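Residues annotated as Fe cation 1 binding site in Swiss-Prot: 87, 121. Annotation comment: Swiss-Prot describes 125 as active site. Swiss-Prot lists 215 with the feature Fe cation 2 binding site.
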């Protein structure tokens, strides 16, 4: 093993080369020499789960969409545009910055993959819009995002930590976006799906959620590996930071959800759904959830939406119990193209 790693110790990754003022000989990522087996495990999972929104038959939701009032249509469009903003931030700043702070060469490329898939998530909402919404509805929703202060505050809150000098705080912030902030928006499609509305759209959200679960798990794992090397004092300091930031975001989230969902009868349940996932996020970092059962009580029909057709072990690509459709190819002849 010593000889196997000799070249590794005498070289730098391309990222290290750029960070160290262009010093040293470059090495390539070697998937046959993995220091942390979790890297390989997560890489295999995220590549096995690869999907694209164009494969989901969202057009099957058009009849359901037309049955909704304009108020509900506008709410859905605003909610998904808000989610698009968060995924835009995560794809272009949050996950990209984690490459700089990676512990292994493999972690670098995993976060590059995460950034790409979050870009796919942002594109997915565009697929929903182009299928269900008018151009006017889409434009109005994007204008609403720019002008809505409660949304802007929560969207901007994590960016200073992404780009700051503390790698661990950046890691926490990058995990908070997919681990907590998105769930208030996720509540709406699950609520609708539990009432037999927009089922294919909800399937897209389940696929996004499946990716987020892996993302959160991996970021939490890497966070814990770094924290365990710190002194007790530093560990306590980091815990205070995590909880303080979480409570700050919860207040921002409550303000946003109250404004977004006002008049639709789902504000309190959406907040409980968010806080439930805040507790899950903290557990993922190795901390106990401080929230009570009452604060995190989710209705059974919403829990059913989280599990039905969305279990991480489910074969989304089989077409069984999911709307993910794979194309079937057929050889053609010249005459087939004579229209």
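Glycine too: its Cβ is placed from the backbone N, Cα and C atoms.
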- Task: Could you list the residues of the same chain, at least six apart in sequence, whose Cβ is under 8 A from the Cβ of residue 125 (active site)?
- Result: 80, 81, 83, 84, 87
- Could you give the Cα-Cα distance between residue 121 (Fe cation 1 binding site) and the residue listed as 'Fe cation 2 binding site', in whole Å? 13
- Relative to the Cβ position of residue 87 (Fe cation 1 binding site), how many further Cβ atoms are located within 10 Å? 25
- Query: So for the residue listed as 'Fe cation 2 binding site', how many other CB atoms are inside 10 Å of its CB?
  - Reply: 25
